[in-house]
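Chemist: Pasting the feature list from Swiss-Prot:
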- 1-252: topological domain 'Cytoplasmic' (TOPO_DOM)
- T70: phosphothreonine (MOD_RES)
- 253-273: transmembrane segment (TRANSMEM)
- 278-298: transmembrane segment (TRANSMEM)
- 299-598: topological domain 'Cytoplasmic' (TOPO_DOM)
- Y406: phosphotyrosine (MOD_RES)
- 599-619: transmembrane segment (TRANSMEM)
- 640-660: transmembrane segment (TRANSMEM)
- 661-1231: topological domain 'Cytoplasmic' (TOPO_DOM)
- T782: phosphothreonine (MOD_RES)
- 1232-1252: transmembrane segment (TRANSMEM)
- 1263-1283: transmembrane segment (TRANSMEM)
- 1284-1313: topological domain 'Cytoplasmic' (TOPO_DOM)
- 1314-1334: transmembrane segment (TRANSMEM)
- 1351-1371: transmembrane segment (TRANSMEM)
- 1372-1377: topological domain 'Cytoplasmic' (TOPO_DOM)
- 1378-1398: transmembrane segment (TRANSMEM)
- 1419-1439: transmembrane segment (TRANSMEM)
- R1436: 1,2-diacyl-sn-glycero-3-phospho-L-serine binding site (BINDING)
- 1440-1612: topological domain 'Cytoplasmic' (TOPO_DOM)
Amino acid sequence: MSSPSKPTSPFVDDIEHESGSASNGLSSMSPFDDSFQFEKPSSAHGNIEVAKTGGSVLKRQSKPMKDISTPDLSKVTFDGIDDYSNDNDINDDDELNGKKTEIHEHENEVDDDLHSFQATPMPNTGGFEDVELDNNEGSNNDSQADHKLKRVRFGTRRNKSGRIDINRSKTLKWAKKNFHNAIDEFSTKEDSLENSALQNRSDELRTVYYNLPLPEDMLDEDGLPLAVYPRNKIRTTKYTPLTFFPKNILFQFHNFANIYFLILLILGAFQIFGVTNPGFASVPLIVIVIITAIKDGIEDSRRTVLDLEVNNTRTHILSGVKNENVAVDNVSLWRRFKKANTRALIKIFEYFSENLTAAGREKKLQKKREELRRKRNSRSFGPRGSLDSIGSYRMSADFGRPSLDYENLNQTMSQANRYNDGENLVDRTLQPNPECRFAKDYWKNVKVGDIVRVHNNDEIPADMILLSTSDVDGACYVETKNLDGETNLKVRQSLKCSKIIKSSRDITRTKFWVESEGPHANLYSYQGNFKWQDTQNGNIRNEPVNINNLLLRGCTLRNTKWAMGMVIFTGDDTKIMINAGVTPTKKSRISRELNFSVILNFVLLFILCFTAGIVNGVYYKQKPRSRDYFEFGTIGGSASTNGFVSFWVAVILYQSLVPISLYISVEIIKTAQAIFIYTDVLLYNAKLDYPCTPKSWNISDDLGQIEYIFSDKTGTLTQNVMEFKKCTINGVSYGRAYTEALAGLRKRQGVDVESEGRREKEEIAKDRETMIDELRSMSDNTQFCPEDLTFVSKEIVEDLKGSSGDHQQKCCEHFLLALALCHSVLVEPNKDDPKKLDIKAQSPDESALVSTARQLGYSFVGSSKSGLIVEIQGVQKEFQVLNVLEFNSSRKRMSCIIKIPGSTPKDEPKALLICKGADSVIYSRLDRTQNDATLLEKTALHLEEYATEGLRTLCLAQRELTWSEYERWVKTYDVAAASVTNREEELDKVTDVIERELILLGGTAIEDRLQDGVPDSIALLAEAGIKLWVLTGDKVETAINIGFSCNVLNNDMELLVVKASGEDVEEFGSDPIQVVNNLVTKYLREKFGMSGSEEELKEAKREHGLPQGNFAVIIDGDALKVALNGEEMRRKFLLLCKNCKAVLCCRVSPAQKAAVVKLVKKTLDVMTLAIGDGSNDVAMIQSADVGVGIAGEEGRQAVMCSDYAIGQFRYVTRLVLVHGKWCYKRLAEMIPQFFYKNVIFTLSLFWYGIYNNFDGSYLFEYTYLTFYNLAFTSVPVILLAVLDQDVSDTVSMLVPQLYRVGILRKEWNQTKFLWYMLDGVYQSVICFFFPYLAYHKNMVVTENGLGLDHRYFVGVFVTAIAVTSCNFYVFMEQYRWDWFCGLFICLSLAVFYGWTGIWTSSSSSNEFYKGAARVFAQPAYWAVLFVGVLFCLLPRFTIDCIRKIFYPKDIEIVREMWLRGDFDLYPQGYDPTDPSRPRINEIRPLTDFKEPISLDTHFDGVSHSQETIVTEEIPMSILNGEQGSRKGYRVSTTLERRDQLSPVTTTNNLPRRSMASARGNKLRTSLDRTREEMLANHQLDTRYSVERARASLDLPGINHAETLLSQRSRDR
C-alpha cells in the first residue's frame, strides 16, 4: 500500500495499471497502484472526484485527460516527419533557415505583452524560430492559463478573480497562515544568504510538474500552488535609490562610536550645555558620515550595475505552455511606474555612456562584436563541434561522445545507458501545441518548471536538469569557472529518456514530473528522480537524476550549439547563490584589543567628567564663594542639578579623549596597506599573470603576528603537476628518475647531490633520446609528442617489442590498455594542430597516466556512443563501456567495466572490470589464489622503493566476470543508483561487492614536484619563529620524504609516531582510543617530562619561543580522529605538538584540517595562517585567522574563499616577513600615537577647568577643537601607519628573526598603550602650565597697551605647543625619515598657522578677532613655544637615547648595520626564495662593528644588555661570507656541519618490528628472501631501498612491502 505522505501522480483518468519500475526514496503515489480507486463523488464535492488511497483522501479534477494508450507508432506521422534519428530534420534553427523572411514578419509584430504575439507554425517543421519578446514582469500570456494567478507580494494578494486586495495587514496575516511564514520580503539579502548557506535544506523535497496539473494536495483553497519558490531575480545590493539615504545612515549608526558622538551633538544643540557653535561642532561627524556614505554608495553602485546586467540578461524560455508550479505575477500600477522609470533612467544612462564617451563607444562596439561572434560560433558547432576535426580518423557519426565528469561525484551514467531508444518521453500520439515556441526573455522571469534553451557561450540562468542538447548523444560541455574557479571544461549528460527532444514541438508532446531534493550548498552532489508514464504499457517509469545531469547557474555552455533543460532551482535556491555567503567575516587582533583601549579612555573620560560635575556642584552650593556661571544656575536651583548639567558639559568638552576619526583612519590605513600588497611586483606570478590579491583588507596587521602556519602539501608545497616516472609490471620495474625527494634522501646520507644529480640527469637524457627513436620506429603513433614524455625507460619499449618474451609483452600491453581505458578524461583538438588531441582531465594524476599510455602507443582519442576509442599502435579500436564506478575519497579507487564480445556470435560475452586505486586498497582486494606470491612481493618492494623516493603510487588490477554475474550485479547497482536518499552509501556498498578477487596488473609512480623556493621559504619561516604544520591527505611515507626535501624535517629530528593500530602498538592495547592516549602520554613523559595537565597547558600558552627539543610528530588520520576527541586527549596532543619543531598530519580529511587549526588557535591563543590550493582546503582556510589561497592546478575555490590569494607558496614568506611585519609595526605605533595626541589636547582643557571651577568654558577657540584631529595632527600619524619601515624588505628577508617581535606581541600591548597615555598626561601639563605661568598675571602688554590674558589667546599658546610637539613626536618615533614625511609635518604646522591667521582676520571670529596678529607678533610667544616643545620631547628623547645606547633592541642593531651599508651588496628587493635571484659570492666582512649581536634561536626582538651580547651565527656569518655551503643567501641559526650518514647498502639495518604472530614471521621470512634475490639481481636500488627515518615506531601508513602483503593476507 502506498504511503499517504508521498506525492500523488498527475495522471487521473486511468484507474488500474500495473506499477512501473521501482525506485527508492521519492516514489510517487501512483493512480496506477492497485490500492488507488475512485469513489463516487458526493454532492458536497460538486464536480470534484475524490480518490482514496491508504486512508487519505485526495482531490482530483474530474476533467479527464486524453487517452494515453500507446498506438502503433509505426503508422503515425506528424507534419511529414517520420524519422526522429536525424537531428537536422527536427532542429528549430536548421529547419527554418529557408523561412527567415516569414519569421521576421512575425518578429516585427511582437508587442511588449505576450497577448499580442501571434505566429503560425511552418509546415514540415519542428517548431518556431526563437522570437525576442520584450516581456516585462507584468506581461501575461492568455495561452498559458485559463485564469490569472497572482503571486503573493507585500500589499498585493492573489485571487482567482484577479481582484487585488489592498489591505496590507490582512494580506500579511493571510500569507503567514497559508505559507507558514514563508515570506522573505521583510528579511535583508544578507540574512537570507547567511541562512541559506548555513542550513542544509536538502531534506526539503520538491516535486515539479511539466505539462501536467498539480495534485490537489499541492494546491491551496483557491487552487493556487502551495509551494512558493524564490524569484530568479537576484539582488546583492544593500540599497536602492530610495532607500540609500535612510538605510545607510541607519547602518552607520549601528557603530557605537557614531552613536556616542551623535548624542553629544544633540546635547550640544541645547544652549544650557554651553556649546558655542553647535553647527560647527557637527562638522567632523558629518564629514565622516559623508565619506563613509560615498564609499558605500560607490561599492553598492557596482553591485547594482552587475545585478542589472545579470537580471536583464536574455535567455530562451518556452512559451505557450502553462507552468502549473508557480503563480503568475500580478504587478501593480505603482510597481509598473517605478520599473518604467528605472528602465528609462538606465536607457538614458546607457545612451549617454555609449555615445558620448570614447570608452562607451568602444564598449558598445565590443558588445556587437561579441554578439556576432556568439552567433557565428553558435552556427559553427554541430552535433559534436569540439570533435569535428577528428574526421580524419574516419570514425562513424556517433564518434566523439565525451566521458562524464567524475571528480567528487558519486553518481553514475550507467543507468541512463539502460534505456532503449523507444523508451523516451515523446508521446507521438499527442498533437504539438502550435503556440509553443522558445522566446527571448529576461533571466529574472525564469521560474521553476520552465523549459529553457541555452545557446553556445551563454551562461546558465538557473539550476536546471539537462533534457537534451544539439549533440546526438545528449552531451554538452560546460565551463564552471564562475562556480568553483576551475577553467577546464566539464561534460554534462542529458537524461537518456529525453535526449531525443530536439524542438519545441517535441517538448510539448511530453508529460513528466521531477522529484528533487531540496537546495543545498554542495556543488558536487544532487539527487532526484525523473518520472513519466510509459506510452507503451502505462507504467510509471523512473530515471535517476544526478549532478552529471544538472546545469548549474553561473556555468557557461561551451562547444555545444544548444542545450535544453527544465528549471529546478531559481534565485537564492541555486547553488551559486547559496555558496555566496559562506566566507566568514574576520577581524584583526589589534582591532579586537582596541576595544579595551577605548573602554579605558571611556573610564578616564567618566572620571574627568564626574570630577568636573562634583567640583562645580560643590562650588555652586557655596554661594558666597561662587558665581552663577550659566543662565541655568538660577533655573536649576540646586547643587545636584548644577553638577548633573556640568557633568554633561564636561562630556561634550572632553569628547576628543575618544577620537571620532580613529576608526575611519584605521580603515584608510588598512586600505592603503592592501593596495601596497596588491601592487608589489615581487609578489606577482608572471606565469599565471596573478598578483597577490588581498580579499580581506582589514586583517593586514595579523600577517605580522603569525606563529603557526598550516599548509597543505599537494599543490601547495608541491606543484600539483604530475609526471609519470616509474611503473612496475609483472614484477619488473621500469623507469629512471632523479627526484627531489631522492636528492633530499641522498643528501641526508652525506652524498654530494649536486654532482650525483648532474650525472644522473645526463644519463636520463641519453636514455630519453634512445627511447624516442625506438618509439618512432615501433609504430605510427599519431598522438606521439616527445615534448610531453616524462617516463624514461628504453626497457619497456624493448619489452613491448617482445624482447623479454611473449608473456612480458602481453603483461605490458594489458597494463597500458588498462591505463587508456580506466579514466575519466576528455580529449579536444589542439587549437594549433587539430590532428593532435589535448587531454582535459579532472585531476593531474589521471592526465599523467593517460598521457604516458599515449606516448607508448595506447592513445585514448575519444568516445563513441557506446564506449571509448583507443588507438593501439596506430590502429583504432572501440571498447564498449558498461559502467564507470567513480573515484571518491572513501573508496580510494575507481573502476570501469568493459564488455568483451564472445569469440563467436553465439558465445556469451564477458565483462572485464579494471580497477585502479591506492596500493593498500588494491592489495587488500586481490584474490589470494590467482595471484603469484612472488610477483606480489616484487611489486610490493618496487612500490616501497617508489614511495621512498617521494613518488605517489597507484596499483592497477582487473577481474573477469561472466555475463550472468554482471547482469545479476547490475540489477542491484541500478536500484542503488535510482535511490534518492543515501544514494552514495548504497552505491559504495554495491561497488564494494564487485571490486573483489582482483588480479594484479602492476603499479605506477608519479612525481609531484616541489614548488620553486619551497625549501628556502620554510627555512626562513622557521628562523622567524613560525611553526609549520603540514596537513595532507597523502600517505605518510610520501609526506615524510617531501618533508625532508623541503626542510620541514631534518636528519637530526626524532620522529614521534602516533597511530591508532598496528603490530608495533599492540603493547598499548587494542582499543584505538587507548592506544593513542597511551602513546601520547608516553611521549610527553619520556621526551618532555610532562603529564598533560591544565597547568602545563597554561604555561605553554605563555611560551612563544621555539621548542628546545629536536622532535617531530607524525600522525595519521585515524589517530588524529582519536586525538581530537575529548578535552583531555586534545590537551595532551596539543602539548606534544607544541614541544615539537614539526608536525605532519597525514591522511586527514578537510574537516580534520579545520579542527586542527581551531584547536591550536583557540586553545593556545595564537595567530594562525592556513594556506592551500584546493577545495579540500577551504574549511582550513576559513578557520584560520588568515587564510591564503594559491591559484594552482586544482581550481580557484580556495582562492575565492581566502583572505589573500598568491601564485606560489614562496610568496607567503614575503607576504608575512615583509608586509606583515611592516603593517603590524605601523598600526601598532599609530594607534597609541592617536590616543596620545588627544590626551594632550583634552587634558589641557581639564587643567584649565581647575581655575574656573569646571564651569565648561573653552580654553581654545572652538574651531581648534574641530580641526585639531581633522587637519592639524592627523596626516603625520596616517603617513606613519602607511609609509614607515623599520628596515628594508631585503633586510627583512635576510634577517627573518626580526619577525619574532610580532609573535611575542612586543609592538602592541596595553602596557605600551598606558605608557603613551602617561606621556600624554605629562606633556599636557607642559602645554597648559607653561603659557599659564607666563600670562596668568597679565605681565605681557602689547604695543597698543592691550594684554594677552584672554583665554582664546592663551589657547593659541597651548594649541601651538600641543600641535608642534605631537607632530615632532610622531616624526621622532618613525624609523623612516625622508623628505616626504618631513614635508607633511611642515604642512600640518602651516595649516595651523594659516588657519589661525585667516580665521582671526574675519570679524566672524568675534572674540578671537585679530588674535593671530596680537599673539604671533610677541617674541614671548616664540620663546614659550620653543621651551614648551623642548620640555615635552626632551624626556622621551633622552630615555630613547639611553635605551638605544646601553640596552639596544635587535632591530636597532640590525638597522645600524643596514644604515652602515653592510647589506648593500644585496640588490633592492632581494628574495632568498626566488630561484632566479642573483648569487652573492663576495660580502665585505664586518671589522669595525663595536659589538657583535645576538640573533640566535633565543632571539626575541627585545632589548639586550651589553653583557648578554655575544658573537654568534647570524647575521655575522652572512656578513663574513661563511655561507658557501648555504648558497650565500639563507639566514640560518645553525651553521655547524651536520653529521653525515654513511650510505646503507645492506639489509642488516632494517628497523626491528614487533611481529607478534606466526603469520607475520612467515611473511617476513619470505619477503626478506625475495628482497635479497632482487638486490642480488640489481632489481632494487641499494641507495635507498632500506633507508628509514629515525622514528619512535614504524611509521603509520607507510606501505612497506610487508605492510601491503599483510593486508592481502588478512581474511576479508
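For all residues, glycine too, the Cβ spot is worked out from N, Cα and C.
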Chemist: Which whole-number value in Å describes the distance between the Cα atoms of R1436 (1,2-diacyl-sn-glycero-3-phospho-L-serine binding site) and T782 (phosphothreonine)?
Modeler: 80
Chemist: At an 8 Å Cβ cut-off, counting only pairs 6 or more apart in sequence, do the transmembrane segment (599-619) and the transmembrane segment (1419-1439) clear the bar of 3 or more pairs?
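Modeler: Contact absent: fewer than 3 Cβ pairs fall under 8 Å.
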Chemist: Under 8 Å Cβ-Cβ from T782 (phosphothreonine), six or more apart in the same chain: what's there?
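Modeler: Looking at Cβ-Cβ distances below 8 Å from T782 (phosphothreonine), excluding near sequence neighbours, one finds K835, S859, E871, G874.
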Chemist: May I have the DSSP-based helix, strand and coil counts for the residues of the topological domain 'Cytoplasmic' (1372-1377)?
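Modeler: Counting residues by DSSP class gives 2 helix, 0 strand, 4 coil.
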Chemist: Which of 278-298, 640-660, 1314-1334, 1378-1398, 1419-1439 shares the most C-beta pairs under 8 angstroms with the transmembrane segment (1263-1283)?
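Modeler: Counting Cβ pairs under 8 Å, the winner is 1378-1398.
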Chemist: Express the predicted model's confidence over the topological domain 'Cytoplasmic' (1372-1377) as a mean pLDDT, rounded to an integer.
Modeler: 85
Chemist: Quick one: do the transmembrane segment (1419-1439) and the transmembrane segment (278-298) reach 3+ CB pairs under 8 Å, ignoring pairs fewer than 6 apart in sequence?
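Modeler: Result for the transmembrane segment (1419-1439) with the transmembrane segment (278-298) is no.
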Chemist: Mind tallying the topological domain 'Cytoplasmic' (1284-1313) by DSSP state, helix then strand then coil?
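Modeler: Tallied per class, the topological domain 'Cytoplasmic' (1284-1313) gives 18 helix, 0 strand, 12 coil.
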Chemist: If you count every Cβ pair below 8 Å, which range out of 278-298, 1232-1252, 1351-1371, 1378-1398 shares the most with the transmembrane segment (1314-1334)?
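Modeler: That would be 1232-1252.
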Chemist: Determine, from DSSP, whether T782 (phosphothreonine) sits in helix, strand or coil.
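Modeler: T782 (phosphothreonine) sits in coil per DSSP, no helix or strand.
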Chemist: At a C-beta cut-off of under 8 Å, are there same-chain residues at least 6 beyond the transmembrane segment (278-298) that contact it? List them, or none.
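Modeler: Counting only partners 6 or more residues beyond its ends, the transmembrane segment (278-298) has Cβ contacts under 8 Å with 238-239, 244, 248-249, 251-252, 258, 261-262, 265, 268-269, 660-661, 664, 1262-1263, 1265-1266, 1269-1270.
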Chemist: Near R1436 (1,2-diacyl-sn-glycero-3-phospho-L-serine binding site), how many other Cβ atoms are within 10 Å of its Cβ?
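Modeler: Other Cβ atoms found within 10 Å: 18.
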Chemist: Short question: which residues 6 or more past the ends of the topological domain 'Cytoplasmic' (1372-1377) have a Cβ under 8 Å from it?
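Modeler: 1229, 1233, 1280, 1283-1287, 1433, 1436-1437, 1440, 1455.
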Chemist: Could you give the residue numbers and ranges of same-chain residues that sit at least 6 residues beyond the topological domain 'Cytoplasmic' (1284-1313) on either side and whose C-beta is under 8 angstroms from one of its C-beta atoms?
Modeler: 590, 593, 596-597, 600, 682, 704-707, 1020-1021, 1023-1026, 1104, 1167, 1213-1214, 1216-1218, 1220-1222, 1224-1229, 1231-1232, 1235, 1374-1376, 1450-1451, 1454-1455, 1458, 1463, 1466-1473, 1495, 1499-1502, 1514-1515, 1518, 1529, 1531, 1533
